[in-house]
4 protein chains.
Amino acid sequence: MNAVTPLKHDFKVADLSLADWGRKEIDIAEHEMPGLMSIRRKYAKEAPLKGVRVTGSLHMTIQTAVLIETLKDVGADVRWASCNIFSTQDHAAAAIAATGTPVFAWKGETLEEYWDCTLDALSFPDGKGGFRGPQLVVDDGGDVTLLIHKGYELEKGDESWVNSASGSHEEQVIKNLLKRVAKERPGFWTTVVKDWKGVSEETTTGVHRLYQLAEAGKLLVPAINVNDSVTKSKFDNLYGCRESLADGLKRAMDVMLAGKVAVVCGYGDVGKGSAHSLRAYGARVVVTEIDPICALQAAMEGFEVKTVEDTLGTADIYVTTTGNKDIITLEHMKAMKDQAIVCNIGHFDNEIQVDALYNSGAVKTNIKPQVDKFTFDNGNSIFLLAEGRLVNLGCATGHPSFVMSNSFANQTLAQIDLWAKKDSYEAKVYILPKHLDEEVARLHLEKIGVKLTRLTKDQADYLGVPVEGPYKPEHYRY
Amino acid sequence: MNAVTPLKHDFKVADLSLADWGRKEIDIAEHEMPGLMSIRRKYAKEAPLKGVRVTGSLHMTIQTAVLIETLKDVGADVRWASCNIFSTQDHAAAAIAATGTPVFAWKGETLEEYWDCTLDALSFPDGKGGFRGPQLVVDDGGDVTLLIHKGYELEKGDESWVNSASGSHEEQVIKNLLKRVAKERPGFWTTVVKDWKGVSEETTTGVHRLYQLAEAGKLLVPAINVNDSVTKSKFDNLYGCRESLADGLKRAMDVMLAGKVAVVCGYGDVGKGSAHSLRAYGARVVVTEIDPICALQAAMEGFEVKTVEDTLGTADIYVTTTGNKDIITLEHMKAMKDQAIVCNIGHFDNEIQVDALYNSGAVKTNIKPQVDKFTFDNGNSIFLLAEGRLVNLGCATGHPSFVMSNSFANQTLAQIDLWAKKDSYEAKVYILPKHLDEEVARLHLEKIGVKLTRLTKDQADYLGVPVEGPYKPEHYRY
Amino acid sequence: MNAVTPLKHDFKVADLSLADWGRKEIDIAEHEMPGLMSIRRKYAKEAPLKGVRVTGSLHMTIQTAVLIETLKDVGADVRWASCNIFSTQDHAAAAIAATGTPVFAWKGETLEEYWDCTLDALSFPDGKGGFRGPQLVVDDGGDVTLLIHKGYELEKGDESWVNSASGSHEEQVIKNLLKRVAKERPGFWTTVVKDWKGVSEETTTGVHRLYQLAEAGKLLVPAINVNDSVTKSKFDNLYGCRESLADGLKRAMDVMLAGKVAVVCGYGDVGKGSAHSLRAYGARVVVTEIDPICALQAAMEGFEVKTVEDTLGTADIYVTTTGNKDIITLEHMKAMKDQAIVCNIGHFDNEIQVDALYNSGAVKTNIKPQVDKFTFDNGNSIFLLAEGRLVNLGCATGHPSFVMSNSFANQTLAQIDLWAKKDSYEAKVYILPKHLDEEVARLHLEKIGVKLTRLTKDQADYLGVPVEGPYKPEHYRY
Amino acid sequence: MNAVTPLKHDFKVADLSLADWGRKEIDIAEHEMPGLMSIRRKYAKEAPLKGVRVTGSLHMTIQTAVLIETLKDVGADVRWASCNIFSTQDHAAAAIAATGTPVFAWKGETLEEYWDCTLDALSFPDGKGGFRGPQLVVDDGGDVTLLIHKGYELEKGDESWVNSASGSHEEQVIKNLLKRVAKERPGFWTTVVKDWKGVSEETTTGVHRLYQLAEAGKLLVPAINVNDSVTKSKFDNLYGCRESLADGLKRAMDVMLAGKVAVVCGYGDVGKGSAHSLRAYGARVVVTEIDPICALQAAMEGFEVKTVEDTLGTADIYVTTTGNKDIITLEHMKAMKDQAIVCNIGHFDNEIQVDALYNSGAVKTNIKPQVDKFTFDNGNSIFLLAEGRLVNLGCATGHPSFVMSNSFANQTLAQIDLWAKKDSYEAKVYILPKHLDEEVARLHLEKIGVKLTRLTKDQADYLGVPVEGPYKPEHYRY
């Protein structure tokens, strides 16, 4: 596929005939996503994003379909790509494409296809045969943000990065794309940046990149850190992974978890959800950590805290959740127990040294999609799931709708906020105000039968908070 | 398909090309089934079932494939059918068929096809164009046992049952089959019974039927109650369901379990595993029970114990685990919260009034295989999973290998025991002796790194037990 | 004190002035013991034990006070001793003594005092200056049963045991007592045995002794094994210990359990309750087992299963639950981590080599009652709780009332049953029939708000059980 | 006792003869408080608080004794009072008094005695028959801070507060004390304020007061918010209460928790620890909340969230954890199930309407110290524990040593920090820097066998954090 030629059919999905099935599942998901549905009802008339061009780069799942249609309901002109080569649910993509919304995503893209899709998603036809960029970006992992920043840097004349040696195949793919765009659409990125008003970002990793850009003075637009809304990080990361890690493991390997030794690398929110889920199945969980506070939390919850090295030969399952790289090295994998399972639910595939594994001479046997067995010289094998990418999205269907309704309600409110304050926000990283965070939670209570207690005026005065909230100081940790 | 014509290709599976994939997964499963693999090693030379004709009627999954090949390794001549129309994994069936073992099973059989397959599985070609029956039967739910007993009763001249009105469609299918066999193979069942030496049965329900037959003096052969081996009922039923219920729910509905109200009907071993699994996900579980002891156990574990009626309108998920019928009635389903999920992990589909639902006028919408939405007049809908049959087998892949290795090691030892004692056992229901039960457990310890403590002679004398066990009185409950 | 002189004040308690406090707590306990209170209401008029002499040897706690008064309410003439030198709650004993019921028990008896109390409890004044024995015995651990059997053996002329070398100090105390009784009350035991009609026994250990006596043909009376009522072994042993182990540890040591490594020796019902309780606090629990089935259960619940030896130097807390002896040896204690805590919630103090510890030369420092520190030559110390006797009774107040109401309802029904069938029962060990077991459970449901589902006649027929129960086969394990 | 007369014996404790026992338990506690012991080793030579007058107002327990001796080891001149009338452990106070450290605390003070003790603790003899105040204050709940601020306000001429009507008896006691001091020690508070350099505060409530003072511009000194160190709020509040709530309930009531309905009011850190602890015992926990985020967290953890009103008549146990007042009202108590248990582990006794209860005409029966039964007109009773004050301190011994070592290591580092920066800090509320928070955690890892993973330089650069930490952004929630 050639992403930069003019688009005839303004979408790329695996199989449009899956649209009906996708629509049925979207209908079910809507029932489980009270936050988004409530935002639709509240803002439908007002349409605060009316006509605003929004590019999304976020796992193209059923839940994301509900997000997309919520953004459209509040007025946006949306184009979408997935942010992971394996995470698209093809019936979800088909259902969205069938409504005429441009979507560029299928399960099992190559890296070249992936970045072409990203470019497609931010190429709004200008009606004159050319393209305009988005006014707002919904990002997950920061790939759209990266692409625009790098493209703009190149157009400003700094060619150092695109011509430097690449640390990974993917890095080279990006550089190649930028060089191609430079030839085919000169000045494109400058046009994009001119209209771009903001980005809301979903993940720890993406947010981390944004803070680094901001600190370096290079951030081009205001950004909202959606990840650190309580109703995102303490819900999606924690409760989402508590449900979807085992789901991924089961669909991939049908493995009995009880009695197994499972190593969870990292005890942040994702690690907490993962470790508790595995233990509830009867696995004996070992945690690895670099941070003494998180390590002490793990110990207080009864988990053994050791290093990966200490577990080699005895552990059956390895799960990375860190947001860092080189957590499971090739040397680790070689020394694991025969038929150990290795997967990642944290961040990029570089949490595991996948490239090194591919180049190690280990014999690869594909068992089924997203499940590969690698056999080393010594006869031992390991199973690598989803090629080291997010196992819950690669091997199952990601987080369930209800928890994503929290995350995506934050995304939607962030988009509305960015547009409303486009003239006052600076090119900094913002967090949603606490009253919106509480509002997102509130939208989800009725669905699950929660009945809140209401403060009396007297009690509120005693606490020194408004009866309607917000109730907690900014530093409160929940 | 016509099951009683002479067989050219002596198997019926969905797609033989899936055999390679099935074999890869069988290889993985062998690694997780130390009990069976150890029995292979121990008995391979001796071949205690050498030449014995064995018919199996048991979910044709990857794990069952390892059981089949274990039975073959110890000498048996095996024919196999599934014991549930939805439980076959087609790649497992294909892999077995590819080795030349006659297997008759595919996912999504009609009831007519299902019972034809059962007949095929017990029709061993006699080399003269006719059929002989099995010498031993591995049963799960008792369908083979039922068919032989009912066929034999008919041949003995008692036509009352086959001519009586049927309480369900399935009952009529069986009667039709028996009438057809009576025409096409006169005297067949008498031949079968002549050679039949025993049956080992896997399930609570099947065992219950056996005890009823034995009490009524109608049991034709010795039977071994495998279900009540500790390493079966307290492992497969409890720990198996703890893993596979959520797996079935997730693959079917991708539903968030946290925050939901889930009703588990029955708090036996299956109910215990189900209730604990759902709670670990953050669901609020309500239990229903008829037995005051089990009800008190549920309460001591912190579950609310109410009736189904008390939960209508507030619960999101219903799971039947009872072994009884009419647990969820049509009236219940009509009164449930909109979009409630209803499924069964207990016993037959009659735990839920599926027939009544089908005939209720509710509009059925198929979402995907094994997931149907029924919409009632009042606009409310429910989702029925696996048409009311076992949700873990219909919507996922059943119990994981490791726990099935326990159940199937019991099955294999029971088969060997039945054959060895074919001349001394009476037509009664036996339980495996405790030392074999302990042996099954012992075979699984090394794989998961368990290190047993060994009694000293002095301690054993103090307890009054042998150093090598068995360690507990028969009435011990574990 | 001299137990065999004529009794003036027919009780021995620590401080009668505690009676008021005891009575207040008995009032509270009655509210938590619906099983016993319901039996009182049901049988008060009928008085099935009217005038029957009953000796109890069972921890003299608040809960036992409610049992004693229940036995009296149904007509019995009761005398009582504790079955453990540390388990008496002095205010409970005082309250009972204050009502005129002869009770012989205080916290912190010497072994000599303990066995004198046991003798007192079975010495009913005959009105002529002599004594008669009990007609029924409520036993816990089998000490009364032992004393009568050994006394009777001696009177029958077999002096071998009383003159043999003793394996422990306590054994010698018993022999000395028997010799003294032989002198002071010749023929006493024969009189006792003549009237004795039965014993109901509470514990695994005591029951085990009874089965051994019965097998050896030496059991003198019918016995009811109360321990193996489901509503005893699966409630008191499991749920009782789940509450009272931590209670004992906390009152003794105020120790943080989170983050600690705790070794639970044995994974029977007591071990299961103990292990789950400690884990819930955030301790990392290691289990030791000799039985492969229980070991596999522990592993399926996510516990590491190793030997005591493997844990020395790393574990912080040791709990024995086995019913066996020499589980924690002196050598173990010497090799433990400094300041490890050692306790027993299983059976006698010989689960831990307490005698060896006392004789080891370790320096003993008493911290407070029931808490001793032993410092070894190498400078390391351990803490021994309750001198190796039951830590929940020695350091806290034993099991809470509600669970004891189950056990004691079984005891009461067993006493009534023994008396009713005194002419038909043989000198064997009986278990209470399942309908009584279910009845005990039923009596406790309303108090905790449990609402049972009721079988329809049609469902009951389908299952082949009566609508009113009992519902399960005898071999059912719950 | 008359606190303001010159002190002859410069301590007031219940019974000095308990000092030996207290010392033994302090020795044990030191072993469990690696954070404090490590600070002693690190700073003993340097003595950063050499000669600094420190007043502590903090539960006078064994753990606090280790804190006091740590402060002394780093050079401080310490005087101490408890911050709760019931929380003193008399043997701990005796052991501290026996070393010559002035301590004013006993279990069961009247309110008048309590505030006199507080005054004593901040009255350092000036050697000339008068008194000087502390240079630093260790506060818990803010009572010392309150007293100084109110006393200073009065000396500055603002008599409005001391002459206003009092909302509670305690408020009037404080006013009376201030008026007496005004007479007996004119100018005292001005002297105190002159030397006062800072306060570190332990509790949510005390911190809240500090922020209010700071916002109002009335805070007199720099304050360190110790509560919001992660190693305090996420450890002491959460893991501490997880251990000590059940301990308090058990020692007070010996109640079976399994099967009970327990209402936990508030789902902050204290509520989270409380709710999880009760559930682990098999109680069915209902949560009440005002904050939608915390309510949603409770629901995601499987707790039912309702109002107190919804639970009246069905719940057995009520626990307040909110930091607010009037959570359990008199009307609530009247409508509770007979023999419901009511207690508070949150904040002051005003979480429960204790004053209203006392004045309600309900008949009070004291069961034992800290356990009172109140019987209403309708015949129903409730049990109130610790007179509504902290149940874990009033009925048990508070949090265990290990978790307090975290809190108190924060306190000690805060005191050192306040003194070191006394010339640079403003009269604001500070939080300890994250590297000290991580340091506190690090000091506790070895004791419980945690092995940290170490970042490589490459990984640290990838994350953009130093290899040695701190690792997380300020807004990270753990």
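Just so you know, glycine gets a Cβ as well, placed from its N, Cα and C.
Annotated substrate binding site per TrEMBL: A:Thr61, A:Asp140, A:Glu202, A:Lys232, A:Asp236, in sequence order. All protein chains shown were included, and the count of other CB atoms within 10 Å of the CB of A:Thr61 (substrate binding site) stands at 26.
DSSP classifies A:Gly271 (NAD(+) binding site) as helix under the three-state reduction. As annotated by TrEMBL, NAD(+) binding site applies to A:203-205, A:Asn237, A:266-273, A:Glu289, A:Asn324, A:345-347, A:Asn392, A:His399.
Annotated domain 'S-adenosyl-L-homocysteine hydrolase NAD binding' per TrEMBL: A:237-398, in sequence order.
Across the domain 'S-adenosyl-L-homocysteine hydrolase NAD binding' (A:237-398), the prediction's mean pLDDT works out to 97. Taking only the Cα positions, the spacing between A:Asp236 (substrate binding site) and A:Thr203 (NAD(+) binding site) is 10 angstrom. Of A:Asp140, A:Glu289, A:Gly346, listed as binding-site residues, those near chain D by the criterion of a Cβ under 8 Å from one of its Cβ atoms are A:Glu289. For A:His399 (NAD(+) binding site), the same-chain residues 6+ apart in sequence whose C-beta sits under 8 angstroms from its C-beta are A:Gln63, A:Asp236, A:Gly240, A:Cys241, A:Glu243, A:Ser244, A:Asn392, A:Ser407. Annotated pair A:Lys232 (substrate binding site) and A:Gly271 (NAD(+) binding site), C-alpha to C-alpha distance, rounded: 15 Å. A gap of 16 Å separates the Cα atoms of A:Thr61 (substrate binding site) and A:Thr203 (NAD(+) binding site). Highest Cβ count within 10 Å among the binding-site residues A:Asp140, A:Glu202, A:Glu289: A:Glu289.
When the binding-site residues A:Gly268, A:Gly346 are compared by the number of other CB atoms within 10 angstroms of each CB, A:Gly268 has the fewest. On the backbone, the CA of A:Gly271 (NAD(+) binding site) and the CA of A:Glu202 (substrate binding site) stand 17 Å apart. In this structure, the CA atom of A:Glu202 (substrate binding site) is 10 Å away from the CA atom of A:Asn237 (NAD(+) binding site).
There are 28 other Cβ atoms within 10 Å of the Cβ belonging to A:Asp236 (substrate binding site).
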